[in-house]
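**Q** Take a look at the following structure, please.
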Amino acid sequence: MSDPKPITKEKKKPVVPGHTGRRSLPPNVSNREEDEIPTMELFGVLPRGTNMKVYLEVQAVHVFKMQYEKTKKEHHTDKYVNDKLIIRRGQTFSIQIDFDRPYNPDTDQFWVEYVIGRYPQQSKGTYIPIPIVDKLEVGKWGAIITRKEHNSVNLTILSAPDCIIGKFRMYVAVLTPHGIMRTNRNAETDTYILFNPWCKEDAVYMDDEQEIEEYVMNDVGVVFHGDITNMKTRSWEYGQFEERVLDACLYIMDKAQLDLSGRGNPIKISRVGSAMINARDDDGVIAGSWNNDYTMGVSPSAWTGSVDILVEYHSSGLPVRYGQCWVFAGVFNTFLRCLGIPARLVTNYFSAHDNDANLQTDVFLDEDGKANTSLTKDSIWNYHCWNEAWMTRPDLPVGFGGWQAVDATPQETSDGMYRCGPASVQAIKHGHVCFPFDAPFIFSEVNSDIVYSKVLKDGTKFIEYVDKSHVGQKIVTKEIGANGAHDITDSYKFSEGTEEERLALDAALMYGVKKEIRDDDQLQSVPDADMDFQADNAVFGSDFKVTLTFKNQSSNRYKIAAFLTGHIVYYTGVLKAEFLNKDLDVTLEPTSSKAVEVQIRANEYLSKIVEQASLHFFVTARINETKKILAKQKIVALQVPELRIKALGEKIVGKEMTVLVEFTNPLKKKLQNVFLRVGGPGLMRTKSQTFREVPPNSTLNWEEKCKPMRAGARKLIATLDCDTLRHVYGELDLVILSDSSQ
């Protein structure tokens, strides 16, 4: 295409802001928008009487786009529910062109063109002319003729491994003495181009087939939640291959106004994605809510996966209500995997949120040793979910590619927007947090110290105790090929107390992102008394007990004044309401220990419980003789009942199957406005049902019909949600057989 210019039309388009300069073009930020491409691009005035019929003319173009055909299978795109050709960059594919007569290489010249967006330019990668060559060259676009028969020509095309990701329009151009003749716009030949983790030249290349199968092709994942002593799991339907999801992911980049020329770079795409998945400041995909009021939307715990969220956003263009960290991370994982970027969802237990950017978590105590909730602004989340995306980092020194932490949950702003990453996990581990993007914040999430400070009435502050091991105790992701937890803590941090950890902290200090706590700021001696905190297995709606064990390692007799408080907390660590406040006096004989049990009554916490049924216990103890302070925090996640799922009938593609969801109300009160969802990729699209009430100790039964769409190992996922009870899940693994009659 010779020096493309914006096409002049009868109705002028409004001037795009920022379109200045004599030869500049407006920003090309939309995959959906397109300009008309001239079917005849003349070199000059066409002589009168010229018969263009004598030149080679294209009759049809075949792109072999069916799921069962060779191209989609070789490019690992046959699972996408999409009737267009979908290929991965840096890999060959074939097309067939039918002409009006046999092709003569001595006299005829043609080529294939790919165009994306408006104002196509070869220098920007938005206009791609593909020359016919004798030999394909790795790293460059090219096409070779593999077969000529009658009026047809078969081409094998190689795409560049760094080309733009998106939906391209295809044309075939024929050179004549008078100009270039092109095929008409034909939506049937539109082609999606994705990242290619199988291609060594692609920035997202992975050399392990099992990892690719897990981190790109697996359409169901596991979210780890709960607390570190009671890790819970729930399945999440990524559904990256489901109908309309690919178009929704491309729409997200359009909505972000990411220039098309930057859409071949996984660094830019993941950074834009981390901003756009949340709707805090850019009308992104999901509106977050942490106040336990979801009357204007869907409770975060009610979602079974990403598909409904992405499809709704693509349809309306408005943020979908509501999400919390695992929802943001689940949808972000779908976005990345759908485009071909290897990605995984990560959970960090005891994740610090440093509000004042001093790279430590501050807890303030009054003169009696009780927690001062008005001064304490930092929080520690029971758990926090984010993502890792796999890519090279040519913008960083060698060795910092691979897994990059990216977080779509809106916590703090980065470059003026709520987003986080990509940050090299390797850089975080070694304390090299000067590298982009947002490494200091993630370093703090996994490696922050908790500093307990006593505040006197005159405002003077003294550091009483520093806990260096509470934050980031365990970081996990789904293991490859199974549903268990794979511990990746050592990817983010060295073992506590090792020389390597000291060096990493020194490096962070050198880069000025971690506040140094001087030895003279801390206690000069290790307390010779200690305290432990344990809780029974706590079931939602039932009583349970907690046990405080005080230990005296000294030869002295101690009297201890302890303060135990219990709060209802959001999983982010933010306090909602206090339900327990108890003073304890304990006398410890020399070299002895004493256990104190405290009964927790269900009626004390049930009326105040919120989203994730979590109770936060905080105990501080003062040794009267030495004035030393002991402090412990404990999160207790109450166990909630599960849903039971059954599948009745033949488990065969295309055959009707009955799905039965059962739930028994374990509480002594009726549940009202109970909302159920069930679905599973390749099995059934998500269906929902609301039940007005479920009486105490009664069982709810819900039946739905479905026809499985894909063979193989599949999973049904169900959720139950109501104001009284949330985070109720159930799942069922199935093996669906192919229909042998077809």
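Just so it is clear, glycine is given a Cβ too, placed from its N, Cα and C backbone atoms.
The active site annotation in TrEMBL covers Cys325, His384, Asp407. For Asn447, Asp449, Glu496, Glu501, the entry in TrEMBL reads Ca(2+) binding site. Residues or ranges marked as domain 'Transglutaminase-like' in TrEMBL: 317-410. Taken from TrEMBL, the feature region 'Disordered' covers 1-33.
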**Q** Given the active-site residues Cys325, His384, Asp407, find the one whose Cα is closest in space to the Cα of Asp449 (Ca(2+) binding site).
**A** His384
**Q** Just to be sure I understand: of Asn447, Glu496, Glu501, which binding-site residues have a C-alpha no more than 10 angstroms from the C-alpha of Cys325 (active site)?
**A** none
**Q** For the C-alpha pair, I'd like the distance in angstrom between Glu501 (Ca(2+) binding site) and His384 (active site), rounded off.
**A** 23
**Q** Select one residue from Asp407, Glu496: among these recorded positions, choose the one with the most other Cβ atoms within 10 Å of its Cβ.
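**A** Compared across Asp407, Glu496, the most Cβ atoms within 10 Å surround Asp407.
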**Q** Same chain, not part of Asn447, Asp449, Glu496, Glu501: whose C-beta falls within 8 angstroms of the C-beta centre of the Ca(2+) site? Give them in sequence order.
**A** Lys468, Ser469, Val471, Gly472, Lys493, Leu505
**Q** Taking the Cβ of Asn447 (Ca(2+) binding site) as the reference point, list residues of the same chain whose Cβ is under 8 angstroms away and which are at least six residues distant in sequence.
**A** Val471, Gly472, Tyr492, Lys493, Ala504, Leu505, Ala508
**Q** Around His384 (active site), which residues of its chain at least 6 apart sit with Cβ under 8 Å of its Cβ?
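**A** Once residues fewer than 6 apart are set aside, His384 (active site) is near Cys325, Thr347, Asn348, Ser351, His353, Thr409, Glu445, Thr572.
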**Q** Among the binding-site residues listed here, Asp449, Glu501, whose Cβ has the fewest other Cβ atoms inside 10 Å?
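**A** If we count Cβ atoms within 10 Å for the binding-site residues Asp449, Glu501, the smallest count is at Glu501.
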**Q** What does DSSP give as the helix, strand and coil breakdown of the domain 'Transglutaminase-like' (317-410)?
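**A** Its residues divide into 15 helix, 40 strand, 39 coil.
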**Q** Counting across all protein chains shown, how many other Cβ atoms sit within 10 Å of the Cβ of Cys325 (active site)?
**A** 27
**Q** Quick check for the class: what is the C-alpha distance, in angstrom and rounded, between Glu496 (Ca(2+) binding site) and Asp407 (active site)?
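**A** That comes out at 25 Å between the alpha carbons.
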**Q** How does the model score the domain 'Transglutaminase-like' (317-410) in terms of mean pLDDT?
**A** 92
